[in-house]
Structures are given as structure tokens and as C-alpha cells.
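These notes are about the structure you will find just below.
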Amino acid sequence: MAEGAKYNAQELYDRLKAATAPESLLKKHLTPQVFAETKDLVSKFKGTLADCIRSGCMNPDSGVGVYACDPDAYTTFAALLNPVIKDYHKVDKLEHPKPDFGDTNNLGFGDLDPSGNMIVSTRVRVGRSHASYGFPPVLTLEDRVDMEKKTVKCLETLTEDLAGEYCPLTGMTKEKQAELTADHFLFNDSDRFLREAGGYNDWPTGRGIFFAKNKKFLVWVNEEDHLRFISMQMGGNLGEVYTRLVKAIKQLESSGLDFAKKDELGYLTFCPSNLGTTLRASVHIKIPKLAAEPDFKKFCDDLHIQARGIHGEHTESVGGVYDISNKRRLGLTEIQAVQEMRAGVEAVIKREKELAGK
Ligand code: ADP
Ligand code: DAR
């Protein structure tokens with residue numbers, strides 16, 4: 001069990017207030033008034049404020065710091081989650097459009113780096129949550145096993161280039177896990193923020209990965225979210241990667257699973273940074289000159305893009321290669337989120353070439 005599991009909401013809040021690390025969105029928005037208003041509330045899945053804030057209080061260096069303990073937390077703990085959501089997604093009002101993936105036969109974009117000199121690989125993912133289950137802090141081992149069974153049954157309906165095989169983590173050798181993780185296919189249990197939020201409870205039971213035969217479409221089962229649908233390939237052909245994901249989403253959305261959503265928040269996820277479209281489109285791209293610029297973070301912020309390391313969030317870049325992706329997922333459609341990422345990546349490529357004197 002995570003270290004912070006023994007602390008109640010007051011003890012967690014006291015730790016948060018005493019911390020001197022840079023201000024997380026949790027610290028910014030869990031005011032004394034919001035704390036007083038929410039500290040004794042309990043969600044429909046029996047989740048508590050402590051369940052939502054534990055990770056950010058035990059990890060003061062969090063960026064967001066708060067998770068929804070379950071889908072109902074977005075209603076029960078709205079006094080805290082709503083200001084966090086508005087702040088992260090840079091919106092003044094909580095409203096979200098109906099899903100719109102655009103016309104994949106006429107996207108207007110394809111390979112963002114035809115030369116192949118800069119973009120190593122491209123990935124687009126969305127998250128989905130089973131409507132009738134909680135999130136990690138309130139999930140039981142039986143819940144995860146039930147969700148895994150329901151998910152695998154749905155994945156077995158995938159056809160054509162999306163058809164494939166499910167590999168549970170239980171029974172997978174450490175060597176196989178290390179190989180798949182190094183190749184950026186598989187997740188592991190190394191994220192301390194997620195650990196403190198209950199993300200690794202009963203690990204590895206109920207977790208696994210689905211691979212299409214060509215390994216360009218994957219589904220993560222019970223990592224941070226109940227489901228992550230992932231399309232990825234080497235090179236910079238964002239058009240192909242995105243089109244494949246949209247085809248998979250449409251097949252999986254019609255397979256009978258009931259996904260958690262709210263009109264004004266779109267699809268619901270464990271972390272409030274991911275809800276709405278839940279879409280993160282990323283490239284691993286070589287930008288040693290731009291990344292060395294003092295204003296690199298402001299350059300990204302102004303374009304609503306985010307730079308990460310190449311082995312997942314909270315990791316470092318390697319050899320000047322960064323993970324560049326869209327930051328906003330709420331208040332815009334799926335095609336708008338991908339277009340925002342495309343425009344950001346094109347600006348990054350242009351700036352890197354200018355700095356390299358090309
Ligand atoms: P997410 O929240 O989208 O899962 P993470 O930062 O946790 O993002 O990354 C998850 C995994 O996906 C990591 O192993 C990371 O290296 C890999 N990944 C993300 N973007 C790309 C990309 N464009 N190409 C290859 N692997 C990627
Ligand atoms: N640990 C959280 C994560 C923020 C967003 N990333 C997610 N959900 N994977 C933090 O506050 O840093």
C-alpha cells in the first residue's frame with residue numbers, strides 16, 4: 001500500500017501546506033475554504049477527499065497533484081476539481097463539444113517530417129473509463145479482474161489490421177516487460193505519483209496490453225486509466241497514426257462498453273488533465289538547439305504544447321530527443337486537439353531549423 005495511505009485528509013492537507021516545492025494545481029486550488037467544504041464528503045463509490053489529494057500531498061513536486069477517486073468525484077469534489085480543470089486546460093467555462101474526429105479521408109496533414117531527419121516516432125492515444133467502476137483509490141482486485149475480462153471480450157471483436165492478441169502482465173517475464181517498455185510499447189510500475197494514488201494496488205493483477213499484429217495499435221488495460229487506446233509507429237506520419245486510432249475508437253465504441261462521461265467534461269479519466277477528448281498526440285523529435293534555448297518552456301506554453309522526456313512523463317530527454325504533444329484536451333474536439341499538436345510540432349521544426357542555420 002502507498003506510504004500516504006495511513007494519513008487522513010487533515011494530515012495530508014497539513015503536509016501540503018508545509019511543503020516548499022513549486023505550487024501544484026492542487027496546492028493553488030485547495031484553499032482553506034475548499035478544504036472545509038470537501039473534507040468530509042464521500043462519493044457514490046465511497047471515495048474521499050484523501051483519496052483524491054494523497055498523491056499531490058505526498059509528492060509536493062506534482063504538477064497537477066489531484067486525481068478523481070472515481071467518476072462521481074467530478075460531481076462530489078467539484079469545488080476542488082473544477083478550478084483545477086479550468087486552470088490546466090486554460091478554459092474559463094466548463095463545456096465540451098460532442099466528439100468530432102474530422103474527415104480522415106481529407107485531414108489536410110500527413111507526414112510532418114518527410115525527410116525523416118527529426119521525428120523518430122509518432123503516437124496518438126485516448127483514454128476511456130468503464131462507467132460502473134471507480135478509479136484506482138477505490139478499485140478492488142476483483143474490480144480490476146472484472147474490467148479486464150470485459151475489456152478483453154471487446155478487444156476480441158477488433159477486425160482487419162486492428163485484430164490482435166491480449167497479453168496479461170501476470171505471468172509475463174521481467175525480460176519481456178523490460179523489452180516492451182524499452183520499445184515504448186508497455187507501461188511499468190515506476191511512477192511514484194501514480195503509486196501514491198493507488199495506481200499500482202494489487203499489481204500486476206488485472207493489467208495487460210493488447211497488440212494488433214503489426215504492433216501499430218495497442219490497448220493498455222488498467223494502467224493509469226481503465227483503458228488507453230494507442231496508435232503509434234516510427235517516423236512522422238501523423239495522418240496515418242491518427243486515422244488508425246479513429247478507426248479503432250469507432251470499432252471499440254460500438255462494441256457495447258459503457259464509457260464514463262459528463263456533458264461539460266467529455267470522457268472522464270483518473271487524472272483531470274486527461275478528460276474531455278482524453279487525446280494526447282505526440283512525436284519523439286530531435287530538437288537539441290531549441291531545447292537548449294532559455295525560453296523553450298515559454299515557446300511550448302505559447303503553442304499549448306508540452307515537452308516531456310522520452311520514457312514517459314516525469315522522465316528526461318535522451319540525446320536531444322523530446323516528447324512533444326498537445327497539452328489541452330478539454331473544450332475542443334479531437335480533430336482540433338490534433339491540429340493544435342500539428343501546428344505546434346511544425347513551429348518546433350521551423351524554429352529548430354532556424355537555430356541550426358538551415
Ligand atoms: P501517456 O500519458 O500518453 O501514456 P506517457 O508520457 O506516460 O504518456 O508515455 C507513455 C509511454 O508512451 C512511454 O513509454 C513513452 O515513451 C511512450 N511514448 C509517448 N509518446 C511517444 C512517441 N511519440 N513515440 C514513441 N513512444 C512514445
Ligand atoms: N502525477 C500527476 C500527473 C499529471 C498529469 N499526468 C498524468 N495524469 N499521467 C502530477 O500532478 O504530476
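Just so you know, glycine gets a Cβ as well, placed from its N, Cα and C.
Any TrEMBL annotation is an automated prediction that lacks curation.
Feature annotations, courtesy of TrEMBL:
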BINDING   121-125, His184, Arg228, 280-284, 308-313  ATP binding site
DOMAIN    8-90  domain 'Phosphagen kinase N-terminal'
DOMAIN    118-355  domain 'Phosphagen kinase C-terminal'
Val124 (ATP binding site), number of other Cβ atoms within 10 Å: 26
Contacting binding-site residues, sequence order - Ser121, Val124, Ser282, Arg308, His311 vs ligand 1, Cβ under 6 Å: Ser121, Ser282, Arg308, His311
The domain 'Phosphagen kinase N-terminal' (8-90), counted residue by residue under DSSP: helix, strand, coil: 48 helix, 2 strand, 33 coil
Most Cβ neighbours inside 10 Å, all chains, among the binding-site residues Ser121, Ser282: Ser282
Nonlocal neighbours by CB distance (under 8 Å) for His311 (ATP binding site), same chain, sequence gap 6 or more: Thr181, His184, Val318
Cβ neighbour count (within 10 Å, all chains shown) around Arg308 (ATP binding site): 18
C-beta crowding around Arg228 (ATP binding site), within 10 angstroms: 22
